[in-house]
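Inspection log for the structure reproduced underneath, given as structure tokens.
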Amino acid sequence: MTDPTPEQHPFRGAVTLDGPSGTGKSSVGRGVAARLGASYLDTGAMYRAATVAVLDAGIDPGDAEAVARTVAAARIEVGTEAGTERVEVDGADVAVRIRSAEVTRAVSAVSAVPAVRRQLVAQQRDLVGAADAVVVEGRDIGTVVLPDATLKVYLTAAPEVRAQRRAGQLGLTEAAQIDDLAADLRRRDQYDSSRADSPLRPAADAVVVDSSELSQQAVVDRIVALAQAALVTGDRT
Ligand SMILES: Nc1ncnc2c1ncn2[C@@H]1O[C@H](COP(=O)(O)OP(=O)(O)OP(=O)(O)O)[C@@H](O)[C@H]1O
Ligand SMILES: Nc1ccn([C@H]2C[C@H](O)[C@@H](COP(=O)(O)O)O2)c(=O)n1
């Protein structure tokens with residue numbers, strides 16, 4: 001069966017997509033947003049943009065006070081279209097830079113600073129409030145940012161599967177390179193799930209989807225079906 005088009009049966013509401021690094025949140029989230037005719041917000045890109053501001057200011061990412069001051073003074077802007085990625089810091093395009101190894105190494109420390117989280121969560125809620133229908137991905141979206149979302153999904157996949165997929169994305173084939181990727185994923189998962197403020201964990205009412213043995217398309221299909229079902233259930237209450 002095909003989905004109803006947005007005109008026939010428009011999806012209205014928010015789908016949250018949380019989970020560890022490399023589980024497919026971005027690729028699946030964009031696919032789900034396109035199918036639902038919804039906006040799309042990548043909150044990880046916002047923490048990465050904040051990290052660019054910190055690195056450019058020459059601040060130690062471990063100096064929480066200086067990090068908070070620097071991020072408060074930065075203008076961080078992200079787009080909400082599923083088909084394009086717009087990420088800017090003080091008007092400069094940083095969409096490519098936010099994916100660099102330097103930023104990836106520092107982002108967990110920056111995103112653990114409570115003042116940074118408060119600032120970006122407020123911005124995330126404003127962006128979501130401006131959209132009728134939205135898919136939002138991150139680590140704390142179902143637990144903290146949007147506790148009343150229409151549908152909450154927690155995406156998982158086995159660490160070795162995630163490392164293989166990331167290697168494919170980066171064109172890496174050597175076993176040692178894949179081991180390094182797996183170690184980096186484990187390091188970030190550990191950091192993100194053990195921080196005091198808004199740790200990575202599934203919301204009590206999240207649907208857990210393990211994508212280890214599912215194609216990307218199958219995961220998108222599953223979440224679109226869950227979103228349509230949640231909308232119908234929500235209409236009845
Ligand atoms: N079910 C799947 N089957 C095969 N490959 C997948 C699947 N889901 C995602 N991928 C691939 O895995 C890689 C990582 O996906 P993606 O970048 O979307 O993950 P992520 O959770 O957003 O990562 P991060 O949290 O680090 O930003 C991409 O190359 C993507 O195409
Ligand atoms: N809602 C969010 C989103 C992201 N983060 C942190 C944790 C990640 O290590 C980092 C980068 O995210 P990614 O682009 O890999 O999804 O940002 C967070 O704490 N909360």
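Just so it is clear, glycine is given a Cβ too, placed from its N, Cα and C backbone atoms.
Caution: TrEMBL annotation is automatic and unverified by curators.
Listed in TrEMBL for this protein:
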type	residues	note
BINDING	G19, P20, S21, G22, T23, G24, K25, S26, S27	ATP binding site
DOMAIN	15-228	domain 'Cytidylate kinase'
REGION	1-28	region 'Disordered'
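Here the features listed in TrEMBL are painted onto the structure.
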residue : record           : Cβ within 10 Å
G19     : ATP binding site : 26
S21     : ATP binding site : 21
T23     : ATP binding site : 28
K25     : ATP binding site : 26
S27     : ATP binding site : 15
Listed binding-site residues with Cβ under 6 Å from ligand 2, out of G19, T23, S27: none
Other residues, Cβ within 8 Å of G19, P20, S21, G22, T23, G24, K25, S26, S27 Cβ centroid (ATP site): V28, E137, L155, A157, R162
